[in-house]
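Below is one structure, written out as structure tokens, with a few remarks after it.
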Amino acid sequence: MKDLLKFLKQQSKTEEFNGIKIGLASPDLIRSWSFGEVKKPETINYRTFKPEREGLFCARIFGPVKDYECLCGKYKRLKHRGVICEKCGVEVTQTKVRRERMGHIDLASPVAHIWFLKSLPSRIGLMLDMTLRDIERVLYFESFVVIEPGMTSLERGQMLTEESYLDALEEYGDEFEAKMGAEAVLELLRAIELEKEIESLREELPSINSETRRKKMTKRLKLIEAFFHSGNKPEWMILKVLPVLPPDLRPLVPLDGGRFATSDLNDLYRRVINRNNRLKRLLDLAAPDIIVRNEKRMLQESVDALLDNGRRGRAITGSNKRPLKSLADMIKGKQGRFRQNLLGKRVDYSGRSVITVGPTLRLHQCGLPKKMALELFKPFIYGKLEGRGLATTIKAAKKMVEREVPEVWDVLDDVIREHPVMLNRAPTLHRLGIQAFEPVLIEGKAIQLHPLVCAAYNADFDGDQMAVHVPLTLEAQLEARSLMMSTNNILSPANGEPVITPSQDVVLGLYYASRKCVNGKGEGMVFESIDEVEKAYRTGFAAIHAQVKVRITETHIAENGERTEARRIVDTTVGRSLLSRVLPKGLSFDLVNQNMGKKQIGKLLNTCYRQLGLKDTVVFADQLMYAGFHYATVSGASVGIDDMVIPAAKYTLVADAEAEVLEIQEQFQSGLVTAGERYNKVIDIWASANEKISKAMMDNLSVETVINRDGEEEEQESFNSIYMMADSGARGSAAQIRQLAGMRGLMAKPDGSIIETPIVANFREGLNVSQYFISTHGARKGLADTALKTANSGYLTRRLVDVAQDLVVIEDDCGTFEGLTMKPLIEGGDVVEPLRERVLGRVVALDVFYPGTEKVLAPRNTLLDEAWCDTLEDNSIDEVIVRSVISCNTDFGVCKACYGRDLARGHIINQGEAIGVVAAQSIGEPGTQLNGWRTFHIGGAASRASAENNVQVKNAGTVKLHNAKHVTNSEGKLVIVSRSSEVAIIDELGREKERYKVPYGTILEKLEESIVTAGEIIANWDPHTHPIISEVAGTIKFVDMIEGVTMTRQTDDLTGLSSIVVMEVGQRPTAGKEMRPSIRLLDASGEDLKIPGTEVPAQYFLPGKAIVNQDDNAEINVGDALARIPQESSKTRDITGGLPRVADLFEARKPKEPAILAEYSGTISFGKETKGKRRLLITPADGGKPYEEMIPKWRNLNVFEGEKVERGEVIADGAEAAHDILRLRGIHKVANYIVNEVQDVYRLQGVKINDKHIEVIIRQMLRKCLITDAGDSQFLAGEQAEVARVKIANRELEAQGKKPATFDRELLGITKASLATESFISAASFQETTRVLTEAAVGGKSDKLRGLKENVIVGRLIPAGTGYAYHQKRNAALAAKASGKTSEQATTITASEAERNLADLLNLAGSSD
């Protein structure tokens, strides 16, 4: 009966709420929660262990200490339930009420709540429009504040020191009222009339000009409105009554030896009660003011410490010098309530153990130790034993299991059959870190794991442990089987490729089996079937590598599923024909008729999955694995010291390098090269020596000479074990073999600089002491980096999950026509990512036409699968507009069409899929593989960048220019006169093959649309200077060019040529400060020439340091350089790479020296210069007001006076800031920028992540906007709001014919975006808990529980996956209820009524016994 009651209570609790509201508690509300006032600081009586009356653990207030038993023992047993004992005043009920009953303390003097005071921005300060310092001075009794000025010259809220207060008293008597302490603040807050205040602020706002004041007013207005709408009263921020936490939540536990362990809260409460009681006594005694004040201040401090210890002043410490844990500390941080207990719970029916290999398991199985299974499945076993009649009671069943009688094992087998268990390995970085398997009982104590799932778990068998969880309910078992079974998780959610590819031993075995060798036993034999081959191999007539001819039978599966068989004879080897036995029907023999390296096996599995589906692939993967292990064993491949063959050429190469180094050293000593050059040269010499040695070594290792059938020598690929391991991709790489048999090479110091003497020895020769010592540097740095990297990567993942957790697919199609334009990614001469990889699995947003026609090739809303991608490639389409989550119109979610294919399943995504979390995991999981700090070991990268001075094409094709302005010079070549121009090479099908950026002043050797051949150089430029190109031909006229004032003449000693150098403003004499040196171009009659197509005279202004090679009155042609500006570039900017770069992008951090972009389209001119800055003016083409910007002088400008720029063009080079791109070029450009930049980092490490995942995060970064004009909406101009909210409001306004609000999208970093979510529960559990909760409470916010995190925290199914349907049903029911409220009312019965009825029944039952 009791359980039934519990059940009823529970039911009513979980179902009845749809949101959680947080607000301020009024004193009356606190009293209404309370079951009595706590008056004494005592806890329990140390002799009797009974709680003291009216103390912190009082049984009268909080409830009985033992179930159904009052304190004095007069009433015991269930039948007295609900009686209040007249002797001790304790209600007879369950002890559990001590966990929920609260008490209260009536404070003798009001106290400010520290959260609303000190949590910035201070809410009390904002409300009273006073500074925090002033309020603190009032609260802590340092000065008075005027409350009622009366008929005096004082103002309300004015601060008075002790002296000035006394003066005022003398002057005005009791005309006015001034107080100090929290009472004063309370009165000030009480005096605020919210409605009037709102009206006056709204009237005042438009007339304020100062930006800072307007911001402050808007903040204050928002706060007061929040108070007004939420029904909170400002004076509730001051506490008059302090609630007391139920005692079982701050327990006092007796330890052995008569001591007690207590929660810190008890100490904190004790201090408050002590001080409060002392203050009451002092007030009764009418003690002197100064004593009372001191006591009030101490009370305020003790309440501060209870609520949030350490926020103000020094933290109160306990006996052991550590700060006490206050209420705020209980909920925040990793160990706080949110993250420790609500988001991460420990679960029952779980166990953990070490893992070992289970090479004989099938893919869906795992080996579970019998001991563990017995413990995990106990309840099921008890049930079965009873059901079969082997045990009469549960107790008997328990005994049987403890004795481990034989029948128990039979029952266990029965229980386990078809009952999946879940295996998890920490850290669970992505969803493949938990998978379900069918258990197979094994002896021993270690869990056996299938080798193929190791990659997904990132598990190895060097002592890793794993946890087992048992899904109990039928639904849970069903979900585990259909969604989490390892066989259903073959593809990786990050990139859609198989994640169960074989590695290591399996690869080595398959590679060994598929190799061929010359003159193997049985070479040249012909077999009529694969059975015959096997017979010959087994009887020893043919060796596994022998080259033979075999007749094979292949099955072809047509589009419609028809199967046809075909036979043919192939040249192959014995091993390959044996491997083809495990090949499923429908795959071509050619897939195994090659050396099976890791790449080939991966491709084989992928092909199998795409052509034959899931089931066949799973079976095939298992068979491949068994075969691989078998042949690896047979091969006898091992690592021996003689396998590391040192090339003979090594010693001569090392000697040569040493000689070269000596030569450089001599040059340096005779002063021919600088120290830096010497260092770089030496490092280059050793690097190239290392390359040569390793090439010699690999050439040596990779082939061996054998005698063929005809008795002649022949070279064949080597069977050296080490070479085979590296070549197959099983383990090791050329770089590692180089260290074994070549030379170790150059080593880096811990700070990253390269030590110039390399280690010439290798591991086979062994290192000497100094070499070994140098080696240890790198090793230790590697370990330290890894540890830091793991922490950083984990934190990035956490932020990503938090920002994206509430993004779920919630509708089929939002109907948008927008999308992202996808083109192949081309960098220089390489296609980095072809179009098919970018659009595979996406939905077309706008019809794709056959090139050059109006005929539709792929209609809108087509999901592009592999077949469609082939079609696009065949028709050489190189641009498709696809749907993207960034442009999806769904509010609070996305639609299926904008997301496209679910990568882990290979079909279009389902509703309810939690794409946000999947995206965050996919980006965060490879984080540990990214390198910690900066990429690119400077050396290779730096030297290449400096030499870029031409474009050499790799493929033949046609030249095409992108956004390039150009003029033709006297030689008939094109000269580029625009920024950010690109030249591309197009093949005969119109597909772009290469694309290069070319700077201003590039001379093109080829005209547009001309044909080039591979290897031709098509563009040249000077990388070290920035030319100023003349766009007209004419005569040069110098303006403001005065020798010694604005310029100097310099003559080159070697060549004898003189040139003019413009002086920098700072170095000019006073006369030259205001002058603007420039070159004008005149025509033959001495008139100003105009720049073609405009009315602007051709006048070129020269910045400081410009070198002019022409003289006054010289003739000049179009496209010639008037002057050159030396570039102080190629200061190798440290390229941030790896994790920090990804984090910077997602946090949308501003780079140190951002590129300056043009805010408007128009014409450039320069205004008056200040000390360190230039004034840049942009005059719009329509003649509007010029926009001006101050730019530091040291920035290299890309533009000249009179040049036209488009909005968003780069004016000064630098790293582009994402915010600027969004503001000036729009949402699609910023999305492309972030996606490409993030992908660059991952691509460098060879990690594949689908663009979709990054787009999902970007959508979350863009979900806020800034209201520019409120229209008729309830928003304020300048307010930050959720885009979806604004859109919904605008739709309503438009429907009513009112003016909608206008807004600008805003890009927030992921941390900011997480904290700015609508759900305060989610934000509070992420970071800055105090600030989030304070803000939410003041605004009386209500959490609609829309995201996943909030629902986990309140203990519900999440609104995604299988919980999605449950939430949809609930919402439908709620909607129905809202529309048809009245009808149902009569029949329902509330839980409390049911409880009363049950109580009566129980009492009847109780009294009858």
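In case you wondered, yes, glycine gets a Cβ from its N, Cα and C as well.
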Listed by Swiss-Prot with C888, C895, C898 as binding Zn(2+) 2, from among C814, C869, is C814
Additional residues surrounding Zn(2+) 1, by Cβ distance to the C70, C72, C85, C88 centre under 8 Å:
L71, G73, K74, Y75, E86, K87, G89, V90
What same-chain residues, at least 6 away in sequence, bring their CB to under 8 Å of the CB of C898 (Zn(2+) 2 binding site)?
C814, T816, V843, R883, S884, V885, S887, C888, T890
Which secondary structure state does DSSP assign to C895 (Zn(2+) 2 binding site), in the simple three-class scheme?
strand
Output, ordered by sequence, the same-chain residues six or more apart from D460 (Mg(2+) binding site) with a CB under 8 Å from its CB, or 'none'.
C454
Identify all same-chain residues not among D460, D462, D464 whose C-beta atom falls within 8 angstroms of the centroid of the Mg(2+) site's C-beta atoms; report them in sequence order.
I355, A459, F461, G463
Cβ within 8 Å of the Zn(2+) 2 site's Cβ centroid: which residues qualify beyond C814, C888, C895, C898?
E811, D813, T816, R883, V885, S887, N889, T890, V894, K896, A897, Y899
Name the one residue among C85, C88, C895 whose Cα is closest in three-dimensional space to that of D462 (Mg(2+) binding site); these are the binding-site residues.
C895
D462, D464 as binding-site residues, winner by CB count within 10 A:
D464
Near C814 (Zn(2+) 2 binding site), how many other Cβ atoms are within 10 Å of its Cβ?
19
Counting only residues 6+ away in sequence within the same chain, which have a CB under 8 Å from the CB of C895 (Zn(2+) 2 binding site)?
V809, I810, E811, D812, D813, C814, C888, N889
Spacing of the two Cα atoms, D464 (Mg(2+) binding site) and C88 (Zn(2+) 1 binding site), in whole angstrom, works out to 58
Near C72 (Zn(2+) 1 binding site), how many other Cβ atoms are within 10 Å of its Cβ?
14
